[in-house]
Amino acid sequence: MSERKLFTSESVSEGHPDKIADQISDAILDAILEQDPDAHVAAETAVYTGSVHVFGEISTTAYVDINRVVRNTIAEIGYDKAEYGFSAESVGVHPSLVEQSPDIAQGVNEALEVRGSLEQDPLDLIGAGDQGLMFGFAVDETPELMPLPISLAHQLVKKLTDLRKSGELTYLRPDAKSQVTVEYDENNQPIRVDAVVISTQHDPNVTNDQLHKDVIEKVINEVIPSHYLDDQTKFFINPTGRFVIGGPQGDSGLTGRKIIVDTYGGYSRHGGGAFSGKDATKVDRSASYAARYIAKNIVAADLAKKVEVQLAYAIGVAQPVSVRVDTFGTGVIAEADLEAAVRQIFDLRPAGIINMLDLKRPIYRQTAAYGHMGRTDIDLPWERVDKVQALKDFIASK
């Protein structure tokens, strides 16, 4: 009998405290980019019972009503009742945003490659906003080329939110978490779901029996394909027995604390940098999107079944200091050839990434819950597979 291989990933709903913070930060970023596409933004948010603090650094010509953006975001998530302990109408909003450090701006606005040079490539003008390493990943486990555990975990909490907002399950409240354990065979292919954990905030008047029944019938059975479920699959639904107090009333939330939820559920490595509240000159965000774009196109081109791409940058320098492609033995060509193709086809300078993926637009609030990668419900440029032919042509020419 072969040994079981299990892998687990989690997700959280848009009403989770950390995700409220992420969405507020990205809503502020979008509001600024609507007026000033060249703005530099690093907006952080902290939420807790009755209060929201927004702080960070920005350089922009835009005027944004932070108070209005915060309250609208909270209302759209669903915190619209005083009994939740955190509501759009009554929450205190405390903004504290200052101008970006001129020392940092110097390197971002004029990259090392062009300082003192008379001949300048416009795409060399923007240096990386910080040093760092970023990873992108793709695998052929799902149609969107994502690991199955995180894909299912996102879908479960998204389904809970849809049922709440549509009014089908009126007792649901905004905060929720999911966790999915998938069993893999000896060839690392997913064969079944071993366990599902769902914790969802609810009104005090619903019974546990009703909640369990609804979550299994309307969420789990609707989201997880039946061939992954069997009589050995374990369901843990609100295992504490009660989840009435939630959101910022139950736990404080902070921007950037769900970086594994935002990416690949732990299935791939992570460079450590968060995304939300940051404009695209911050390579923590833009280069992570570029790395996903590269990895997804490589798998879509049938050049590998599983790919991890690492990029790394120095602050104030446009060109990446390293590019690495790892196919985990699934590639049909040498990794050195893939790396050469990546360098030829994808412009990985910050300005090149911004142009390639059109990242000066206000598209970020929609990414701040249910994952930045593998989304099928919204059109994100780094999820497109429009470089497949270019990759195939490059490899054929070798």
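Keep in mind that glycine also has a Cβ here, set from the backbone N, Cα and C atoms.
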Of 1-11, 12-22, 100-110, 243-253, the range Swiss-Prot labels region 'Flexible loop': 100-110
Shortest C-alpha distance to Lys258 (ATP binding site) - which of the binding-site residues Asp18, Glu44, Glu57, Lys282: Asp18
Residues His16, Asp175, Ala176, Lys177, Arg242, Phe243, Asp251, Arg257, Lys258, Ala274, Lys278 binding ATP per the record - widest CA separation, whole Å: 36
Intrachain C-beta neighbours of His16 (ATP binding site), sequence separation six or more, cut-off 8 angstroms: Asp175, Ala176, Lys177, Gly247, Gly253, Lys258
Candidate binding-site residues Arg242, Asp251, Lys278, pick with smallest Cα gap to Glu57 (L-methionine binding site): Lys278
Spatial separation of Lys278 (ATP binding site) from Glu44 (K(+) binding site) - C-alpha basis, Å: 9
